[in-house]
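Everything on this sheet refers to the single structure shown next.
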Amino acid sequence: MALRLYDTLTKEKRDFAPLDPSNVRMYVCGPTVYDFAHIGNARPVIVFDVLFRLLRHLYGENHVKYVRNITDVDDKINDRAARDYPGLPLNEAIRKVTEQTERQFHDDVDALGCLRPTVEPRATEHIAEMRTIIDRLVEGGFAYVAADHVLFSPAAMNAANGVLPRYGALANRSLDEMIAGARVDVAPYKRDATDFVLWKPSKPGEPSWPSPAGITTEGRPGWHIECSAMSWKHLGETFDIHGGGIDLVFPHHENEVAQSCCAFHTDRMAQTWMHNGFLQVEGEKMSKSLGNFVTIRELRENWNGYSWPAETLRFNMLRTHYRQPIDWTLNSLSESHNILCDWYDDLKDGSPAVAPIPNEVLEALCDDLNTSKVIAELHTLRKRKQFGELRASLTLLGFSGERAALHRTAFGQSNFRVQADLNVESLIEARTAARARKDFKESDRIRDELAAMGITIKDGKDADGKPVTTWEIAR
Ligand code: AMP
Ligand code: ZN
């Protein structure tokens, strides 16, 4: 079956043809380890896990190499370490923060049903490769040293002849646009506003390594160079798929392409560039100040009054196509939970017969990971009582099919419950009003909305014969 993937660079869905079918290679930008991963961070992890599973299905388990890095050198890590462990030397505090965050991350994404990547390289273990690339860039005239920094020059790249791609091609911007958009407070040591940091000096006490390009003081790498170094080390100069969230296209991925192509004199870094859309919560951008910042851990432990099973989170994520934005809402999460409960109930009672994955499911998945279409196919399989096929498809997507995995605890006393109860009451009021004006379409819609929230309603009459509606939580 032909796999077709949407490529951010060429802006089209194309047939996927690996450079070497016996070694399909994918790199995905991983977490910066300083805090619990939020539900937006979970999106690329889940999306590319589905792709990893599909590639393994198509090319064989031992013929796919998936690399997802861990960024363990970053200002945010240093700040967190100084804040959380003020008594410790900074380097020790940093190790504590990164090790602990990495453990939390693994615990969360393991629970979400994501396979571990083939390699999970840490940035701090690839400083030598970063220095090599930086030296090559300076020798090639693409980078220069100024004030103990090494800076990459996009203008030099675009002035060079040969196979190199144009800087700005991935993000679809021109250098002039980027210069116009550059901030006014450009560092004085930069030749051009668009030049970006490959290497910089470390402040006293910060992690530091011997510098490249003849700089005599120690320093540390910029963010973009990490991924060029780790993908090179583990996947080679050019590989098949590079992925991450849409926010990484510019500047991070644009700069990765620039570094790798100029260092290795290649016309491309990856054959296919894939980016997942952004996730927002209840209609708003997730942010700490808005108070709607949700970590994977919170969802698993207590979000809006429930501990949500990790498989429910995974399923809710896959109901939306990966390139579309997701609005993460309590309604859709409850609905996802109920769908999975129904399916798993059927699987428990239905025939355990082993069945192949139906073509319709594979075709939808091979059509640029159309998981929403796949889920529609799964609804059909259930309707037709093809439980063996349903189970096989769920397994391919990384679901256990085990009813026990969907255990959900409700926390009756949380603020959410008060809020949720108010929502339920006001929805029931709106439904009663709709019924009174004989707008049954609207009253049915509200009943369905309540059902999606896990609320069952019962219509009756009170002692005076007036209609009343009572409700209860379905599960
Ligand atoms: P970071 O640790 O911020 O570099 O992010 C790790 C990964 O999560 C990157 O691939 C980001 O693009 C992705 N990401 C961050 N926030 C969101 C979001 N709200 N929705 C979807 N993906 C996100
Ligand atoms: Zn990266």
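Any Cβ shown, glycine's included, is placed from N, Cα and C.
Remember, TrEMBL labels are computer predictions, not curated facts.
The following features are taken from TrEMBL:
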type: DOMAIN; residues: 16-336; note: domain 'tRNA synthetases class I catalytic'
type: BINDING; residues: C29, C227, H252, E256; note: Zn(2+) binding site
type: MOTIF; residues: 31-41; note: motif ''HIGH' region'
type: MOTIF; residues: 285-289; note: motif ''KMSKS' region'
type: BINDING; residues: K288; note: ATP binding site
Integer Å distance between the CA atoms belonging to K288 (ATP binding site) and E256 (Zn(2+) binding site): 29
Other CB atoms, at most 10 A from the CB of E256 (Zn(2+) binding site): 26
Where K288 (ATP binding site) sits in the secondary structure, as DSSP reduces it to three classes: coil
Arithmetic mean of per-residue pLDDT over the motif ''HIGH' region' (31-41): 94
Among C29, C227, H252, E256, K288, the binding-site residues whose C-beta sits under 6 Å from ligand 1: C29
Cβ-based neighbourhood (8 Å from the centroid) of the Zn(2+) site, residues C29, C227, H252, E256 excluded: W223, H224, E226, S228, H242, G244, L248, H253, N255
Pairwise Cα distance for C29 (Zn(2+) binding site)/K288 (ATP binding site) [Å, integer]: 23
Cα separation, C227 (Zn(2+) binding site) to K288 (ATP binding site) (Å, whole number): 28
Counts by DSSP class (helix H/G/I, strand E/B, coil) across the motif ''HIGH' region' (31-41): 3 helix, 2 strand, 6 coil
Sequence-ordered binding-site residues from C29, C227, K288 with Cβ under 6 Å of an atom of ligand 2: C29, C227
Candidate with the highest Cβ count within 10 Å, taken from the binding-site residues C29, C227: C227
Residue among the binding-site residues H252, K288 whose Cβ has the most other Cβ atoms within 10 Å: H252
Per DSSP, three-state class assigned to H252 (Zn(2+) binding site): helix
